[in-house]
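Participant: Pulled these from Swiss-Prot:
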ACT_SITE  Glu90  active site, proton acceptor
DOMAIN    96-348  domain 'Radical SAM core'
DISULFID  Cys103-Cys353  disulfide bond
BINDING   Cys110, Cys114, Cys117  [4Fe-4S] cluster binding site
BINDING   Gly179, Glu180, Ser211, Ser233, Leu234, His235, Asn310  S-adenosyl-L-methionine binding site
ACT_SITE  Cys353  active site, S-methylcysteine intermediate
Amino acid sequence: MINLLDFNKTGLIHFCEEMGEKPYRARQLLRWVHRFGKTEFIEMSDLAKTFRQKLMERAVVHPPEIISDHTAGDGTRKWLLSTGTGNAVEMVFIPEPNRGTLCVSSQVGCALACSFCSTGRQGFNRNLSVAEIIGQLWWANRLLEGQVGELFSPDVAQIRADNTDTRRPVTNVVMMGMGEPLANFENVVTALDLMLSDDAYGLSRRRVTVSTSGLVPALDRLRERCPVALAVSLHAPNDALRDQLVPINKKYPIRDLLAACERYLPAAPRDFITFEYVMLRDVNDSIALARELVQVVRNIPCKLNLIPFNTFAGSGYERSNTDAIDNFRDVLMQAGIVTTVRKTRGDDIAAACGQLAGQVKDKTRRTGTCGSGRAVVTG
């Protein structure tokens, strides 16, 4: 059976034509599946009965199975999604007064082996399918539906409640979950196309961000195919240190990466690149390195996002103390570089940045099923 979640509009047009249907049927399917979240063809009332029968014989709408659901004290919510054979990936929803951000995974594990990342320690299993990527957004909108009044400030909630197109709680998507998005290029781009489609999720390119550790050729392809907002995991101002923290730097050093960023900017929906910099105590948080970083990025329109490290067992790293982070930020700000310190969210449920390990083989053997049919961890 063909999973319709694997298709963007172009793919659905081809699928419909193969069944002898007109191209406009693809738009109808997109709206039923993604905007209205329907999985049963019998409910798609504006489709001809003969077409619905064909669909029931050949296709399914099958999002990945949810195996656990956790909510942190700050409202951050994390779900584990089964990918079969005891593996799982994670998606995280971060509510804020004026927006709701979904952090999406693109791979089971990651091959890039960044030394400070728990997912990198897991190793690489496989790429996620389009259905498994877009299924995260599909699920989030379904599971959070009706909670707009609780998730947003009163004025924003009222505006969104009055507009059918903005009732969905996810306003922003960041490809910052498990995996390197650009290492799963085709599936990620197809999923991005669905996120941006007015017939599916209708997000603007400014509200969708792809984060990369620096796969330069794929970054150039993204610029040509689907230039959404870009975040680059930099983490060091020189190759010697970045080689240790982000091993892909040995293949695509900082000079090549920054050149790719400059090429990306003319097509980007924002007039800057975001550079991410995890703050590791006594590793990359000195004033000298801050000054070196200023020299490295000063000619690129950018923002710096300093990320306090979230420790995990066996990491070998510690979070920089508050004074070190503040002093590092001040050096950048004094040089005219817009710099923010990321607020740690969801760390009490291991949902914070860098903690998405997804090692749940023991949990998948201990799942039960709730009344809605979704599996939940029982122990």
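Cβ atoms are placed via backbone N, Cα and C, with glycine included.
These figures come from a predicted structure and were not determined experimentally.
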Participant: How many other Cβ atoms are found within 10 Å of the Cβ atom of Cys114 ([4Fe-4S] cluster binding site), counting all protein chains shown?
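Facilitator: Taking every protein chain into account, the count is 22.
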Participant: Using C-alpha atoms only, work out the spacing between Glu180 (S-adenosyl-L-methionine binding site) and Cys110 ([4Fe-4S] cluster binding site) and round it to an integer in Å.
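Facilitator: That separation, Cα to Cα, works out to 6 Å.
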Participant: Please give me the CB contact count at 10 A for Cys117 ([4Fe-4S] cluster binding site), counting all chains in the structure.
Facilitator: 26
Participant: Within 10 Å of Cys110 ([4Fe-4S] cluster binding site) by C-alpha distance: pick out those among the binding-site residues Gly179, Ser211, Leu234, and say none if nothing qualifies.
Facilitator: Gly179
Participant: Using all protein chains in view, find how many other C-beta atoms are within 10 Å of the C-beta of Cys110 ([4Fe-4S] cluster binding site).
Facilitator: 25
Participant: For Glu90, Glu180, listed as recorded positions, tell me which one has the smallest number of other Cβ atoms within 10 Å.
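Facilitator: Each of the recorded positions Glu90, Glu180 was scored by Cβ atoms within 10 Å; lowest is Glu90.
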Participant: Other than its own, how many Cβ atoms are within 10 Å of the Cβ belonging to His235 (S-adenosyl-L-methionine binding site)?
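Facilitator: If we count other Cβ atoms within 10 Å of His235 (S-adenosyl-L-methionine binding site), we arrive at 25.
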Participant: Ten-angstrom check, please: count other Cβ atoms within 10 Å of the Cβ of Leu234 (S-adenosyl-L-methionine binding site), all chains counted.
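Facilitator: That number is 29.
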Participant: If you count Cβ atoms within 10 Å of the Cβ of Ser233 (S-adenosyl-L-methionine binding site), leaving out that atom itself, what do you get?
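Facilitator: I count 25 other Cβ atoms within 10 Å of it.
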Participant: So what pLDDT does the domain 'Radical SAM core' (96-348) average out to?
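Facilitator: On average, pLDDT over the domain 'Radical SAM core' (96-348) sits at 92.
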Participant: Looking at the recorded positions Cys103, Cys114, Cys117, Ser211, Ser233, Leu234, which ones sit with their CA no more than 10 Å from the CA of the residue listed as 'active site, proton acceptor'?
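Facilitator: Cys103, listed in sequence order.
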Participant: For Ser211 (S-adenosyl-L-methionine binding site), which of the recorded positions Cys103, Cys114, Cys117 has the nearest Cα in space?
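Facilitator: If we rank Cys103, Cys114, Cys117 by Cα distance to Ser211 (S-adenosyl-L-methionine binding site), first place goes to Cys103.
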Participant: Using DSSP reduced to three states, classify Ser211 (S-adenosyl-L-methionine binding site) as helix, strand or coil.
Facilitator: strand
